[in-house]
Each structure stands twice: as C-alpha cells, then as structure tokens.
Amino acid sequence: MPQTFDGLGPEVAVSFSLASVAVARPLMMMGGLFINLESVPVGLVWLKAISMFRYSFEALMINQWQDFGTLPCEGPCIAENGEDVLVWSGINPDSASYTVSMLYLLIPLCCYHGLAFFCLMRRARPRQFEGAAPEDDTKGELRRQDEEKPKLTDIPRPELLMAWQNLTIEVQRNEIGKVQTCRILDGPGGHLEPGQLMAIMGPSGSGKSTLLKSIAGIGELPLMSGSSVQVNGGEWTPMMRDHCGFLFQDEQLFSGLTVREHLLFQCRFRMGLYSKAEREQRVDALLTELGLMKCQNTLIGNIGAGISGGERRRLAFATELLTEPSVLFADEATSGLDSAMAYSVCKMLKDFAQGEGSSRKRTVFATIHQPSEEVFNLFDKVMILVDGKAVYQGTPSGALGHYESLGLMCPHDESPADFFMRCVAVNAGEENARQEARENVQKLLGAVREVEVPKVPASQGQEKSLKTSSLAALGALVQREFLLRRRSKILFKAVVARTVLMAVLFGAMYWQIPNDQASWQSVMGLLNMIMINTFMTAGFGLTQELPLALRPAFRETTAGMYSISAWFWSKVIGDFPVDTVAPIVLSSTVFLMAGIGKTPESYLMFVLLTVITSHIGSAWGYLASMIGGRIEYAFALFLLTVFPFMTFNGVWMAKKQS
C-alpha cells in the first residue's frame, strides 16, 4: 500500500489533512446544536446546507416538539410550548417537516457512499506500462459463452513463453531538498520457457520484486516507453492475467475461515464455469496433494495461532494451483522459512513448472534473497540484479564459471549463492568491501551478453476465462463477509456491549424526563447525544477495519477474481445489519426509559431517524477510509471532519450573534 493518500499524491494528501481542520470543523458547527443557524455569517451560510447533523437534529427536534402542546412552568417561561422550543432552536415551526429533513438526510447518505466508491476506484485503478494492448472488449462475452463446461482434468491453459526487453522504471526522489531521478529498473531483458523455473536474485533494494511485478503486469509504477513484455511472441494484454498465478510473500488469508472454506470461496471466484461438485473435487485433490487434508477444518487464524507457517505457505500455493495457471509468479516465497521448508516450497515450484501430474508445462518465476546451495540448484535459470541492472542471466551451473572467468573465485567453504550475493553487495559491509563490490559489478556488467529470445508464432493461446459472473462474485463475497463476521466473536461482543452500555447509560441519565419548562433542554441534549453517538460508533470502527481489508481486496482484484465494485458493495451489505439493528436497540431502549415520546408514530420516526444517522456515519467512515487508505490517516480524517459537522448544530452557541 502507498505511504500517503494513494491516487491523490503526497502534496495533495498533506493539503487535504490541513484543509480538513479549516473546512470540516465549520461543517460540524452547521449541524444546528452548537450555533443558531440564523446567526451564521453570510459567507458561511453554505456550510449549513451540507451538514448531515443539521438535518438529523432538525428531524429529531420536529418529531419531538411539533404539536407537543403546552410546557408547564412557574414564573417566567422561555418556551411555553413545543413550537417555542423549535423557534428557540432556529427551526421555523410553520415550515418544519421531519419528512423533508429525512429526505435531505438521504442525500449525504448516497453522496458519501458515492464519493467513497469513487476514491476506491481511483486507488484501485489498473496500472500497466505504456503501449500495453488494451483489454479485449469481448472479455465478458468470452466468460459467458453458452458452451459445454470443460472437464475438470482439462482446464484450458496454454503453455506460455514469457519474454521481456529493456524494462525501465524511473521515479523522482527528494533528497536533501533536491529532486533526483532514480532508476528502479534499468533495462533488464530475458525470456523464460514453459517447464523452467527462474530465480531472480539480488541484494535488498535491487529491484527483484519490481521486476517480477512488471513482467506480471501488476506493477504499481509504469514502465517507460520502449519497455516490452511479450507472451508467445505477442504483446501482453490484461486478459493474460487469467492465465497467471501470483504467490506473494505476505499471504493475505482470512483468519476467520477454515482451510477448506478458503479454497472453496477461491474456487467460486476463479472457477465459475464449474459445478459445485467439480469445485469440491478440485479442492479435495489439492488438499491431498499438498498435505493439507488433516487441517482442512482448522481455522486459518493469525500468525502464531491457527495453522502453522508452513501450512499457510502451502495453502497460499494451493490457492494459485486451483486453476492450473500457465505462469506463476512467486515473490519471496521462502522468506521466513527454515531451510527444510524453503527447499520443500521450491521443490513444489519446480514440480509445478515441469508439469508433475499434468500434460502441460508451466513458466515459473521466483524472487529469492539468498538460497541455500540445495535450493539454488533446483532452478533452471538465474537472474542476478544489482541496482535494477541484470549482471548475470543463465543456468546455476554456468554462474560459477562465469564469475571465475572474470577473476571472481568462490572459496571452497562458501556456498556459491552466498558468494554471488557477497560479490555484488554494494550497500553492505565496510567501505572497502563496498568499493570492491562496485568494481565486481562493473566487471559483470561489462561481460553481460544480450539474451536471444526464441522465435515463436505470435499467439496467446486460448483466451477463455473460467471466472464467475459479477453477480455470482458479489453473492460469494457477501456470503464470505457474513461468515467472517459471524466467526468474529470479539467484534460481536464489542458491538453488543457498546450498544447495551450506551442504551442503559443514556436511559439512566435521562430517566423519565418530565414534560415541563425545566426539562425541555435535557430532551434537546439527549437527542443530540443520541445523534452524535450513533454517527460516531457507526463510522469510527470502519476507519480501523476497512484500511486493513483493502490489501487483500486489491490482491484478489488484481488477480481478476472479481471487480473492486463487487467488493465495495459486499462490505456495505455486510455492515447493513449491524448499522441497522444496533441503533434500533439503542433508540428503542432510550425512548422507553427516557419517556420522550407518547405516540407510536413518534417512536417509529425516532427509530428511523436514528437508523438513517447510523448509516450516514457508516458512509462517512467509508469515505475517510477510502481517502486515507491506512488506519492512521483514516482515523485522523474521520475525527477532523466529524467535529466541525457536529459543532454547527445550532444550539451550542448563542442564539443571536449579530
């Protein structure tokens, strides 16, 4: 994930954060409780029109005080009846209508969700290099062909030869007040044939992951003009992602699912052309093949709880093997594993490349930092990167001879892989060692030979997707969302405890408020507190949850399993029950304990307004999360923008200021 508000840029992000203090606080003040709306300066009148708290507070006040009757009092009276209370609050009783105010509440509800969706689409926009062929408009048609479903043993995956040339990426960096251009990738090229496993090696920061993602077409940084990635002699297109699998270092697995449930949901996204029985058969085969059958009903859990690290890695591998992809990209697949487990993972990659148990061979890329000699010898090809440049590309057995031909002799007691890395460690060790490494790199670069790419007919094979339809994907996402929420006992207990506590607290503090002159201000305070609490509790939790959910969502949408819009609306649907039931319980309890209404109609309207306010708070939480992208940013944005909305309520400042 980017380090600032993605899609807006760091400068705009800082500006937005600062502007939220100056702009959002006035919006909260326009709610109608903190300041009388008739006393707002002319230049700020427009702010009250967009404050959701204003309409919520007005609707609650109208529901409570319209046609209320007389307020008993002894001595001077500020408000003799309900209409006087409305006038004191800056609400015109002649034109007051909670129906109109409620309709106005629906506008921010829709707008906030729409803006959140727009920000999410900006954040998740596809990245591809300049000159990449556009996605085929017939993709959706290909997915829906009314043809005979392929047999499970005949998943239509062609063998693909991958070739890349002159891959170059430049970024601007600000170092000590000076903007400098830095090349992350500096022209590496090469090819990999079906049945081969390539290791992309290099020191930390050498560009291994960037190269891998660029070849896969999922890089966050655009490739410069002249860069080229070809598949079987033809230009790479986004449709080719359907033939690719991506195995990343940090497995984005849902802790609340079992191993089997995870694979079944992945099947629903990736293998929509197959029946339920065929998908279950595929899952059973992979569970058996990868030794996961014994833990199939175990919750995945978090790291340190649930399945083991090795089982997590095998589960991630099984996820990508579901559709037998033609090309597999593994980023730091052995990171954090012991030598035995690292060898086991690389052996699985090797067997997969060579087509073990299948009639087709696959093309497999793997970035790896410093493999053992045993692991190193599993690879068919090795590419060594230093500062974005390829200093060697060839077979593991040929690497040692190549180094020795340049006068770089490997000690007998040192692993060749360790030796290769030590020779090019330009940013590690003492200055003498770094200088020697820089000289070694120059020798290696001077001996680099251009790699010839085999000529193959320009074809991309059978471009047919097995994935499910958008509607079916939405259904699967909603089902997964509800299952995860049901399994999250801590979250459920927190929601119940919070709702009951606030309901009892408000009910006890405002127990059976009498309908007299001395108590009408208490009613106003209660209505305001209900509104604020409902809004805050609905939105605040989302700023802690949604930024964490973005990463696995982007991971799955990048793989083409479903659209980002399907994920967004599945989250909204998943939040709907809590955002509806919790305010119903809260408002019903408070209504009865405080005795603030006397008719069924006023009760129903009170509950309905509270529910709408809850959904508006949820929508605002979505907006803050989609703009921020990270918990700390979303949290700050939510608070900085909510308090100004709240302040402009119309009562918490003097009725007349001018």
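Yeah, the Cβs are placed from backbone N, Cα and C, and that goes for glycine too.
Since the structure is predicted, the reported quantities are computational estimates derived from the model, not experimental observations.
According to TrEMBL, the protein has these features:
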- 136-151: compositional bias 'Basic and acidic residues' (COMPBIAS)
- 162-412: domain 'ABC transporter' (DOMAIN)
- 131-151: region 'Disordered' (REGION)
- 12-35: transmembrane segment (TRANSMEM)
- 102-121: transmembrane segment (TRANSMEM)
- 490-513: transmembrane segment (TRANSMEM)
- 519-541: transmembrane segment (TRANSMEM)
- 603-627: transmembrane segment (TRANSMEM)
- 633-654: transmembrane segment (TRANSMEM)
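Residues 519, 522-523, 526, 529-530, 533, 537, 578, 582, 585-586, 589-590, 592-596 of the same chain lie 6+ residues outside the transmembrane segment (490-513) yet bring a C-beta within less than 8 angstroms of a C-beta in it. Sequence-distant contacts of the transmembrane segment (102-121) (same chain, six or more residues past either end, CB-CB distance under 8 Å): 7, 50, 52, 55-56, 59, 564-565, 568, 572, 608-609, 612-613, 615-616, 619-620, 622-623, 625-627. For the transmembrane segment (603-627), the residues of the chain that approach it from at least six positions outside its boundaries are 5, 8, 16, 52, 56, 59-60, 63-64, 98, 102, 105-106, 108-109, 112-113, 115-117, 119-120, 123, 530-531, 534-543, 545-547, 550, 571-572, 575-576, 579-580, 582-584, 586-588, 591, 596-597, 633-635, 637-638, 641-642, judged by C-beta separation under 8 angstroms.
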